[in-house]
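Notes follow once the structure below has been shown.
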Amino acid sequence: MLRSVWNFLKRHKKKCIFLGTVLGGVYILGKYGQKKIREIQEREAAEYIAQARRQYHFESNQRTCNMTVLSMLPTLREALMQQLNSESLTALLKNRPSNKLEIWEDLKIISFTRSTVAVYSTCMLVVLLRVQLNIIGGYIYLDNAAVGKNGTTILAPPDVQQQYLSSIQHLLGDGLTELITVIKQAVQKVLGSVSLKHSLSLLDLEQKLKEIRNLVEQHKSSSWINKDGSKPLLCHYMMPDEETPLAVQACGLSPRDITTIKLLNETRDMLESPDFSTVLNTCLNRGFSRLLDNMAEFFRPTEQDLQHGNSMNSLSSVSLPLAKIIPIVNGQIHSVCSETPSHFVQDLLTMEQVKDFAANVYEAFSTPQQLEK
């Protein structure tokens, strides 16, 4: 039996060698294919887990953004009410002073300035914090992902995070003061000559606010210039025009300072981007629309108007003397800068454009390949 097998192999030696080679190759290829399939499956599973982890971290970061905005609104409201103190003027009016008309004129300017600044500063706060917390959130994600790896350097240690995030104080301090000055000048120009007895409809009020916005957003006080020669929208109120105090120091910068300066420069780049201007402008449009919605209830037609056939679909038929509109406008700050989620703040926090922009910022700073560019 063995001899016949041996003779068969000798007679078909080349065929047997070829067959053995083919079978061996098939076996090796099969093993190699199985190994590659396992590697692909493991890589896909790792990528899925990493993506899920990053998505969870992103969503958690957005909740932190929302909570931070709400926690800072009382500080913003207090700063506004301190610099634009209309309450002291209303208290004076209760005493029937001889210069009542002069006080009413001051109250007119301060009331419109305060509500307009409230809309601008709240929108800026929402979008700026989205940028800052998603930049730092991206770095924190990379730091967490690198835990346990040898030779890795922490990108954003806690002291750097604190130093970087403290830059928001510019918006609540010098930036807010400058914004108040510019808006007050615009309000004076648009409404200064309007008599307290002059009646305005809601549409008239909307037009006046548009005129104020045009003056504010075309103001040329900023030295910020984009690479294409254009001026970024309102950026100098959120970050100072000049170099940061840290960067001014020619020497003696600590590694923490250098990292903070890098984060601030990256923030500047984001603020100068067309996407940021688009999102901020969208927020401002929504904010002023919501402000008008809040005041619309005071422009409802009365029963007498309805009986006389003045029931138009719009509220253009209902007009109020400016003196009656001033208290309405003056009280809007409590709705705009409310730490209890009002319709105004809720609208800004849940806007799809804001969410998409936040996702893009987080994506850019939570991907190592992007940071290396």
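Positions of Cβ are set from backbone N, Cα and C atoms, glycine also.
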In Swiss-Prot, which of 1-45, 316-360 is tagged region 'Targeting to peroxisomes'? 1-45
Per-residue pLDDT averaged over the region 'Targeting to peroxisomes' (1-45) comes to what? 63
Give me the DSSP three-state residue breakdown of the region 'Interaction with PEX19' (120-136), ordered helix, strand, coil. 17 helix, 0 strand, 0 coil
